[in-house]
Each structure stands twice: as C-alpha cells, then as structure tokens.
Amino acid sequence: MTENQKHGLELSIDSSSQRPLKIGKTTDQVFHGDEEEAETMNPKPGIQRYLVAVEYIGTRFSGSQQQPNCRTVVGALEEAFQKFIGQPVSVFCSSRTLPPHEPGVVHKAVNHFLQKHEGDVTVVDVRSVPNDFHARYKAQERTYFYRLVSGPEALSSFEKDRAWHVPETLNIGAMQEACKVLVGHHDFSSFRAAGCQANSPIRTLDELNVCEVASTPYFPTSMERKQRQGKEESENEEPHSETCEVGFGIRRRHRCFVVTARARSFLYHQVRLMVGVLKAVGTGDLTVGDVERILEAKNVSSARPMAPACGLYLGHVKYDLPPAPH
C-alpha cells in the first residue's frame, strides 16, 4: 500500500494482561471497507476491544496487513503492543467490557514502543468500544483527500511521495464542473478497478470537489512578510511575483490542489480513477461532456488512467461513538 492514510484498527487484548510497571515518557488511518454488508463479531469473555486511529506514510511499508518477511503497518503495531502488554496482541482491520488499560495509557505507551519506526506510524487516538464493534462495517462515512501539485519545475524533495506532480497548468473551474457530474447516486462501473469484490457498482457520492490550498511546507515570500508587517512597497519597486526573478536557490512555487471525496463507501480504486479523470479535465484533455459519457459507459476502460497512490489520503472515517472522556 502506498497511500498516506489515517485508519481505524480493531485491537483485541486479554483483560488479564498486565501493563509493565514503567513506561518511558512519550511525547492517523482507519482500515476502510467498501461494502455495506454486516459482519458478526462474536463476543469473547475477557477480551477488550479498542478502536485505534493511526497515521502512517504508506510508501515506507509493504502494505498494511501482516505479511511474512515484510515491514507492514499491522506488523509494526502488533510488535509495539506486544512490548507494552507483554504478550501477543491481535490487530484487525476493523474494534467494552472492563478495559485492562485506560485508552490514554494505551495511546502513550504504544507510541513509546513505536519510536523505533521514526514516526512512520503513530497512534493518534484510542477508544474503548463494544465487543461487537467492527471498524470496517460500523463506518458511517469516509472522506478521502487527494493532493496534486501543478507546475513545470521538478517536484520538491519535501513533496516526494506526498502528492501527484502534474507539470501542466490545471483549470480548477473546469474540474469543479466535472465534479458536479459525479456527485450523487450512480452506477460507478467506469470508476471500478479490476479485482473489486463489491457486490454492486452503485454508490452515492455525497461530496466531490477540488480547491487550491497552500503548498507544503509553506514559507512566506518577502512580499508576504512585508504585507503582514503592515509595510508598503516603495513606488519604484517592482512588485514581486512568482514568475519573475526569485533569487538564487529560491524555488518557484507549485500550485497545490486538493480533491475531496466523501461517501459511505467506495469501490476499489474509485477515488484514484475519479481523480485521473478530473486531472484530464484540468489539463484540457477531457471536457465535462466527456466525463458524462465516461460515467454513462459503465466500463472502466472508458476512463483515464487512475491517479498514482502517492497523493491519496484517507482523512476521516465517521463512527457513532460516545463522546471521548475528558
């Protein structure tokens, strides 16, 4: 998996487990599913379930699920939890009885044991949840973000594997019009990659839009610094722009765009396929009418190549959870 995501994990811990006496001081992802079908979770006595939100850089792992002889997200988490609990712990891609450990303790302790991974994976939230909870099937809504950076210069090292670099200029107005075509209840077969196991291609896309945002990392120009300090330019000074001389060693900025897609569930690679089409509209290779025809074709071969995984982020998964304790 190369997506940079936040995910929800189901964690099962035996309630008889004991926390180590000392924990060093310590200073986001929810594995998503695309089906509405329910899965029964058989309650097990003495087992505590947690919903754990983590974040990781997907390009630094060989996928999320446990695999032999590979560095995976679940593998890193299970190793950290085992060091904390003192016995093997199962992490599932989905998870209240009496908790063996307070969620806040779990949060800090596991991050402590994840330090060896140098921030590649971090726990950002922990909740105790009912014994029948399932992170995939209990999800009510998912929000994905996709980052594109536009500009002829080579991609900054700080943006490598964080966004899709598009050398051409993007027409954000045209892309917004194309988004309107895809929002709603449709047969998304044209945006369903081979290998999709969903029973139906019908999905309701609640939100799809594109907006321009500040590039990352963002550093203000000399002009912006002057303006913020309330200083005015001399009448004889040429206004600074990103297209004129910017000085030795100073990069011209790329334009940064974020596509937001929100729905209860998505088909396999649906977001990346939609972004691929939106990008083609932005560069002028497709029109809004072409997007309508692609949707009506109900065949993935009619779509443009899907966007690379590097720009995709699972930003939020909505659950019906009680308020977090203070």
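Heads up, the Cβ atoms here are built off N, Cα and C, so glycines get one too.
The feature compositional bias 'Basic and acidic residues' is assigned by TrEMBL to 223-242.
Feature annotation from TrEMBL assigns domain 'Pseudouridine synthase I TruA alpha/beta' to 178-320. In this model, the domain 'Pseudouridine synthase I TruA alpha/beta' (178-320) carries an average pLDDT of 87.
The feature region 'Disordered' is assigned by TrEMBL to 221-242.
Each residue in the domain 'Pseudouridine synthase I TruA alpha/beta' (178-320) gets a DSSP state, and the totals come to 45 helix, 32 strand, 66 coil.
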